[in-house]
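Taken verbatim from TrEMBL:
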DOMAIN    14-96  domain 'Ig-like'
DOMAIN    203-291  domain 'Ig-like'
DOMAIN    296-386  domain 'Ig-like'
DOMAIN    390-479  domain 'Ig-like'
DOMAIN    483-573  domain 'Ig-like'
DOMAIN    681-777  domain 'Fibronectin type-III'
DOMAIN    782-880  domain 'Fibronectin type-III'
DOMAIN    884-978  domain 'Fibronectin type-III'
DOMAIN    982-1081  domain 'Fibronectin type-III'
DOMAIN    1086-1184  domain 'Fibronectin type-III'
DOMAIN    1389-1486  domain 'Fibronectin type-III'
DOMAIN    1614-1710  domain 'Fibronectin type-III'
Amino acid sequence: EECLCRSREDDVVPYFKTEPGLPQIHLEGNRLVLTCLAEGSWPLEFKWMHNDSELTTYTSEYKYIIPSLQRLDAGFYRCVVRNRMGALLQRRSEVQVAYMGNFMDTDQRKTVSQGHAAVLNLLPITSCPRPQVTWFREGHKIIPSHRIAITLENQLVILATTAGDTGAYYAQAVNERNGENKTSPLIHLSIARDVGTPETMAPVIVVPPGNRSVVAGSSEITLECIANARYVVKLHVNWKRNGVRISGGLHSFGRRLTISNPTSADTGLYVCEATLSGSTFDAATAKAFLSIIEPPYFTAEPESRILVEVEETVDIVCRAMGVPLPTLQWYKDAISISKLQNPRYKMLSSGGLRIQKLRPEDSGIFQCFASNEGGEIQTYTYLDVTNVAPAFTQLPVDTTVTDGMTATLRCEVSGAPKPAITWRRGKHILASGSVRIPRFMLLESGGLQIAPVSIQDAGNYTCYAANMEGSLNASAALTVWNRTFIINPPEDRVVIKGTTATLRCGATHDPRITLRYVWKKDNTVITPSSSSRIVVEKDGSLLISQTWSGDIGDYTCEIISEGGNDSRTARLEVIELPHSPQNLLATLNSSHSHTVMLSWVRPFDGNSPVLYYIVELSENNSPWKVHLSNVGPEMTGITVRGLTPARTYQFRVCAVNQVGRGQYSAETSRLMLPEEPPSAPPKNIVASGRTNQSIMVQWQPPPETEHNGVLRGYILRYRLAGLPGEHQQRNITSPEVNYCLVTELIIWTQYEIQVAAYNGAGLGVFSRAVTEYTLQGVPTAPPQNVQMEAVNSTTIQFLWNPPPQQFINGINQGYKLLAWPAEVPEATTVVTIAPDFHGVHHGYITNLKKFTAYFASVLCFTTPGDGPPSTPQLIWTHEDKPGAVGHLSFTEILDTSLKVSWQEPLEKNGIITGYQVSWEVYGRNGSRLTHTLSNTTHEYKIKGLSSLTTYTIDVAAVTTAGAGLATSSTISSGVPPELPGAPSNLVISNISPRSATLQFRPGYDGKTSISRWIVEGQVGAIGDEEEWVSLYEEENEPDAQTLEIPNLTPYTHYRFRMRQVNIVGSSPVSQSSRVIQTLQAPPDVAPTSVTVRTASETSLRLRWVPLPDSQYNGNPESVGYRIKYWRPDLQAPSLTQVINDRLEREFTIEGLEEWTEYELQMQAFNAIGAGPWSVAVRGRTRESVPSAAPENVSAEAVSSTQILLTWASVPEQDQNGLILGYKVLFRAKDLDPEPRSHVVRGNHSQSALLAGLRKFVLYELQVLAFTRIGNGVPSSPLILERTKDDAPGPPVRLVFPEVRLTSVRIVWQPPEEPNGIILGYQIAYRLASSSPNTFTTVEVGATVRQFTATELAPESAYVFRLSAKTRQGWGEPLEATVITTEKRERPAPPRELLVPQAEVTARSLRLQWVPGSDGASPIRYFTVQVRELPRGEWQTYSSSISHEATACAVERLRPFTSYKLRLKATNDIGDSDFSAETDAVTTLQDVPGEPPSFISVTPHTTSSVLIQWRPPRDESLNGLLQGYRIYYRELESEASAATVSKTLKTPSALRAELTAQSSFKTVNSSSTLTTYELTHLKKYRRYEVILTAYNIIGESPASAPVEVFVGEAAPAMAPQNIQVTPLTASQLEVTWDPPPPESQNGNIQGYKVYYWEAESQNETEKMKVLFLPETMVKLKNLTSHTQYLVSISAFNAAGDGPQSDPRQGRTHQAGKRAMCFQPTGFHRAPLSMATVAPEPRQTRGPSSPSPQLSARLTQNTCRCVPGDLDLQRGRPGCDSFASPRGWPWPIAWWGPWYPRDNSEHSVPPSRLSRITEGRQALHLHPGLLPIPSGSFLLGS
């Protein structure tokens, strides 16, 4: 073991190897490094002090570095070094910083009497070191001479001055260290000539020598003495020391004495003596004492080491000498003894230090400093206090550190002498006072510092402490963690301004620790929370969004953690768009009229080289467009070619770098190129015949680039096509008119037409000729050589030649053949014949009546219409065979003869010449006999017949054309014919929607042939009481057994019966068939009376008459309507709307385009399909406000008060009406509360010049279009444009807050109208009594708001004039007067305030006053305040009313409002009190500010409308409301409006305002009303209504127009004369008269019949709708013997009218009928049909019994047919009566029997009986008898 007890002498006290030298001078901004070289036992630590203040704490760094020296860094620096033994102070080192300030004074003036000396002091200036000074006069350097001296203090001394010395002097100071030089303000020297100045003057010491001291060893010292006398050349200066004259060291004309290497022997009194030779004047003397300073030196010093035991007393010696005697100061371990204030430390008179009762802590370095003006010295000793063994004051503790960091193990020990410390790890010594291993450092405190720590350093460490009194040790464990360090450091980045920069900072670290990221920019910590742009992500990355130039810099990522800290730095550069080129100039090229030369100055490139320039131009205020897209980056000028004459151009240039395109330069001033005639013709010439004598010509202007000036109009010329001849011309003098109607032309003639544009320079080129015909006319001559003849009994042939070609007046479209009966001229038959251009024309009219007189003619027609017909000719059609004779009948029928009778035929077809009667035996063709009779005979008796023989008899009429159709019949001789019997066994099959097949068994023929079959039916309503109608008749089919019944209605109930007819008459009706229902089919017809009306700007209302029930053709629940609508101007598919309510009569189609024409059709549909479409109707939506803004809005300031706006029209699809004009909305940004508007009337003007604007003010501008409905959408975004700058207005609020007798301070505020950027102010002032042009003028900067004028005359009036300056020059000055006095006070308030009533308007008034006392200080301005009565607050109206004013216009007031006003004055001292208030003054009324609102106009009657509105808001009335004015006018019909829109694609706004129907009519309404009925309007017209409110002054703005259609109103009265008549037990007939005509309000479309049982309306009320204006209805299926109430209303297209009062009616009581009962005991038997039908049977006589018949009946055989059910009672409508005598059950009649379900029962024959016709008896038969179809009785 090595002994740890070591001697204290092993430790070495620190000591300095070098000491500071002479003062150092360094330049500002330089880097300064101070070093402190010292040695001693480890560890050594250093700290630095500046002017006795600590700069640093103790560190191992022995250098102190100042990166950039500043002035404040100058001073004395001292180094302190220490180790465990103690601390030692180094001597001071002086550092000086070279700098130079500015001269701190202004120009000065100095006056000296002639002959005397002028001493000009150097004006104050700060400089280190002292500057070298050179004096100048009027720009010439001054060289010292016998008469001119420059003193050691840099004063300029001029001896024996003369008038020639007058002038301006200045000094130039040069800092030799940093090279700066400054020129002083001027010193104006004036030489005053005194009348009594003597020729010679006695010597005078001007600059005496001063007492001086110098350090021994300095190189030299100079004394200076300057004297003046007259004459200077005779002046001598001598020096004496201690009375002894000095001859050496004199120079500068004896004025200076220099002593080299001064020593103490040179100390003494020096005398300067000035004498004037040749004169008797006494010498002038001055004295100065020179003292020599000797630096201190020690005469006694302490030993280097003093060893003393505890509790002893020790004296440490220190004595020093020097001149003056030095002062001594003691330090212990670099701390002054005086600061320690230890009572045991005592300074001795000899300079030594006594320490009593020593303690171990007294050990250390004691240092003694001696100093005087010559410098300082120091000595020191180490005091070692012994006799105390070591003891730990702080033991080592276990420590955890991070790899790469610094570990500190503490170990503090006390003892005397101070114990030596040694650190070991195992057997290895790591650190001690004499051992030092890399990374291991012994600290001054005794601890061990390991830096940097590595993983291998982990382990146990032991601290050993020892002195001569003993030793001890202690250990601690060191744990080392892995170090945190950055593995993904940030990298240098270049980003584009405005984008996001991402700097990565990825680190690896011990997983047990957490990290904290700190980012710094240029060593300043970034706090992300202070800016939303900067975000530090979880992984440490730094995200900077919206980068800009302020983000450029060095970014450091610092990672802070328990595992160590790390940092990395990267550079972020932000590149941006280049700046705009400057000084862009555009000049016309005199050698070429189509070019302009541009030049500019290169801009800042945005930290990225410019790649190229882009040149844009604006032509005639149009939007900017690129003209040159790749101008080289080296270019600063270019020639722009290809421009258009007579256009104005502006240019701008931008630079492009890798970031993109920079901002554009300021635009050039606008250049105008010379005008030339248009170089292109108008384009798209379209000519169309408008009438037969006019052609409409339309065109578009030439391409705008070819206008070459402002178009003044057009020349249109025309002539006959293909013919030589001069052109006719039309001059269209407006360039906005691009159409011309050429009139007075020849009908149907071709013209060639050309158009040319002209401008101020002349006529342009004509377009290519277009040709067009005038429209066709109608022929003016009939066809020629017309011949016509009847070719047969029904046809007339026509032959003719065409009219002469020149009279056709168009394209021959053909001919019309006309024929009309002479007796019925209105029954004209017309046949159209196509033109045949080869030979004679011919044609036929057929299907005429036979043997009839006709007039006939021919005409020619063209597209416009028919020409005149030829002269009518009378033509008879030929005779033909006649038709059949009528009413063939037989009488006097005997066995061998009979009489046959007939009537003449209805269709004679000629002249009846006779009749033919023929007959033959039925079935024997060879037996026919014929007899011819005269035309007057209508009966004939046929004789010679065989008895009881059947004959066929024919009768026919005869004309010259032959016998006509014979009428035939069979008859048996001797047997008179009878009425036929009824058909039977009706069976229905093949049921379809519109037909059914009826099979039947013919009845008895009545002994003659059947001539006609008649089918009757019940339609819809089936029942015994329902009427039968004839459905179909079949003739000349005597043997028919099957009929096809056509023309049935789909989905309708039918029941059929038949009759058969012979020569005698009609048979009885057959039994009814079963009830059938035809199948469904699509509707056959479309809804009728389809009309369309405008409902709103985006909707149309369609009305129609719904289908009647009979036309549904299907289930009513499935019936509905489909609407199809489309825009005829677009090729888009149509849209549809479906209405499922079959009774709906109107529908509103929403979501349409504004002011757009639509075509609409309707169809009905049911479950099977849809019916036909209705005829298309056309409607237009209402005009609206534009839904888009004008396009391409641009603005340009053309002067300081004018801005020119241009725009393009609103897109056509967004105009939503006729554009009447445009409104420009403009507002001074941040100045005007609300925008103002400028109206541009008409839709052809698309520019506006706003005038009267504020100068150099940024305006927000928008443009909107308006229709008659109102304003459209304003353009967006806002256009920002600033008016140009101008000379500014005067500054305001000028006051003089400080006024002295010789100075005043003036304070002002910038002009209220700066009119540009204020560049500065000019203050001019003069005495009020002096010449108006003798101003003293001073200019100050733009930020200055005050100025002090000095050297004024006291108690004098001065005029001050203050003006501001912009780029355009000096503005109007503000003038004020001030008196240089100190006797001022606040002004008195103004008095006698008055508002003359004559000066009061609706929005302004004029306030007058008399100023009060100004308080001996002129009034600067007045302040007016206004208060609105009754409860308003005082508001300042203006605080800058001129001090000269005695009246003020107060504007921006509200009409018809009471106000009070007051006034105060302000002078330089302050504000006066407010004046007394004025009396209340009320502004006049003004027109109301807004119209009535929420206006509704609804039809009231067919000739009136009801107008309702809401009054304007009270605050907008602006007076007493007197009433409302209603303007209304009739609009064009929608049909004609649609026509106009077709022919006029872009109608002029003027047209809309001047249409014939646009004149408004006016009515007035009381102010108390908000409803008015407007009467006596025209029916079926559209009206427009506008409202205004008015008072005594005038009218408000008009409301938006409201449209209404007049003529449609619901009927005002109910139907009249209602009669309710009972028909049966279940039917009532209701009849009525329509409402009175005057109350119908249109065409009655139908009626609604409401009916209900009188006792239970709610449960039984029904409604039947009649869609035809019939006035009768049968109410069916009613309850028998029940009181009903009936009410009726009429309806039209506008709606339902009121219901009539209910009328009563009672159904009949039901009569007795057959019985109905529930059969029992049936057994099953087959039945062939749903009722009972006969099985196949043998032919039997009437009384023959039938074979047994099995029948199949349903279980519940008693069933009511439709119409007989009592729906109100919920049971069959069967009425029971008393049964016949002997009948055991009640009897009832239920009509035909029908099965109710599928259960079957057999019917015993004994229970089935037939009711014989016409009898009331009941017959029971043992078997089943045939019965009429469907009628049964059951019995037993």
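The backbone N, Cα and C atoms fix where each Cβ goes, and this holds for glycine too.
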In contact by Cβ distance (the domain 'Ig-like' (14-96), the domain 'Fibronectin type-III' (1086-1184); 3 or more pairs under 8 Å): no
Residues of the domain 'Fibronectin type-III' (982-1081) by DSSP state, where helix covers H, G and I: 0 helix, 43 strand, 57 coil
Within the domain 'Fibronectin type-III' (1086-1184), residues counted as helix, strand or coil by DSSP: 6 helix, 46 strand, 47 coil
Best-contacting stretch, by C-beta pairs under 8 Å, relative to the domain 'Ig-like' (390-479) and drawn from 14-96, 681-777, 782-880, 884-978: 14-96
Interface present between the domain 'Ig-like' (14-96) and the domain 'Ig-like' (296-386) (three or more C-beta pairs under 8 A): yes
Residue distribution over DSSP helix, strand and coil in the domain 'Ig-like' (483-573): 6 helix, 46 strand, 39 coil
For the domain 'Ig-like' (483-573), the mean pLDDT of the predicted model: 89
